[in-house]
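**Q** This is the structure, below, for whatever I ask next.
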Amino acid sequence: MRSSCVLLTALVALIAYYIYIPLPSAVSDPWKLMLLDATFRSAQQVSNLIHSLGLSHHLLALNFIIISFGKKSAWSSPQVKVTDTDFDGVEVRVFEGSPKPEEPLKRSIIYIHGGGWALASAKIRYYDELCTAMAEELNAVIVSIEYRLVPKVYFPAQIHDVVHATKYFLQPEVLHKYSVDPDRIGISGDSAGGNLAAAVGQQFSQDANLKDKFKVQALIYPVLQALDFNTPSYQQNVNTPILPRYIMVKYWVDYFQGNHDFVQAMIVNNHTSLDVEEAVALRARLNWTSLLPASITKDYRPVMQTTGNTRIVREIPQLLDARAAPLIAEQEVLRHLPKTYILTCEYDVLRDDGIMYAKRLESAGVEVTLDHYEDGFHGCMIFTSWPTNFSVGIRTRNSYIKWLDQNL
């Protein structure tokens, strides 16, 4: 009996040691975040083991785990009709709010889920619940795009999928089918989905052949650049769940089908050192010492290497492509963008990407709402239901939908 108690105590101690990570006291629901992070780390370790055994690519294995525990069928309710279909060969899940006699034409949002261009799905519970809430509360048509993922495809295939599905939807006969007002359509996405939304928003604003333009864009903790992995938010949140810096850099390398040997060099900005001529003209567009307020920069210092690894940009030129990094787009491109909402979280490596983009858009004359959450963490907006219900998740979702209601 005594030995059993000792073993049980040791087991509990080991579990607690695995789960516990130091977190800022101000972050929302810290113990719940520790449990969420431990769950995700465990899934990553299992997928890495599967990869090492040669059974599957680690990202395919990880996404299989995520979807297995979270996939939800297209279930309609009296308030929202949900259907799975495809637009120009791209799978989509469409959420339609109930018809209202006083409002024959509905608003619409093209929504793009996050997941590092490699994980998640429009058909998992988190995104299904978010889009259902949007369709019901806005009385809108939400088109959630099931774009293809790494490692089955790489940049720019994800952008192409979103473009094809969106252009199909914008056809007059399709808008008529779903009773959508062509003047009240927006594009939105979170994390990597925010990246794709920003990229497509820029592309569509420049397309003279498109009759219908987006009325708004709403970007939720978007990833917007791969030139500087030492902004204040990257330095502050280097190991913060659920997106540590190392993992974000790996997502970028995987997105471009790059060499993982470059990851450590990229973490210290060796890919954009002063001797990398291709990056020289772009540095001013994300000079965070001028784009970020003093309350954000604090005592952080830029990390700029004199000499680095010029081979990285030669082998992965996509790092400097504005389609992948919308933050480095030219000012002329930015000034044509629609009214914009950007949500950022304090405990997120991507915080400064969003804040810098807001500043650049404002400088280009775009009307911007920057909605910052001091207790927020990356990914929080989709965590609104038990057992992963966070107070900041509910607040961010409500604020996001409220802004869409007032501006779309």
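Glycine residues also receive a Cβ, built from the backbone N, Cα and C atoms like all the rest.
Take a look at what TrEMBL says about it:
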DOMAIN    109-265  domain 'Alpha/beta hydrolase fold-3'
ACT_SITE  Ser191  active site
DOMAIN    319-381  domain 'Alpha/beta hydrolase fold-3'
ACT_SITE  Asp348  active site
ACT_SITE  His378  active site
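So where do these features actually land, and what's packed around them?
**A** Computed over the domain 'Alpha/beta hydrolase fold-3' (109-265), the whole-number mean pLDDT of the model equals 97.
Packing around Ser191 (active site) is summarised by its Cβ count: 29 other Cβ atoms lie within 10 angstroms of its Cβ, all protein chains included.
For Asp348 (active site), the same-chain residues that are 6 or more apart in sequence and have a Cβ closer than 8 Å to its Cβ are Tyr221, Ser233, Asn237, Thr240, Leu243, Gly376, Phe377, His378.
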**Q** Quick one: give me the count of other CB atoms within 10 A of the CB of His378 (active site).
**A** 25
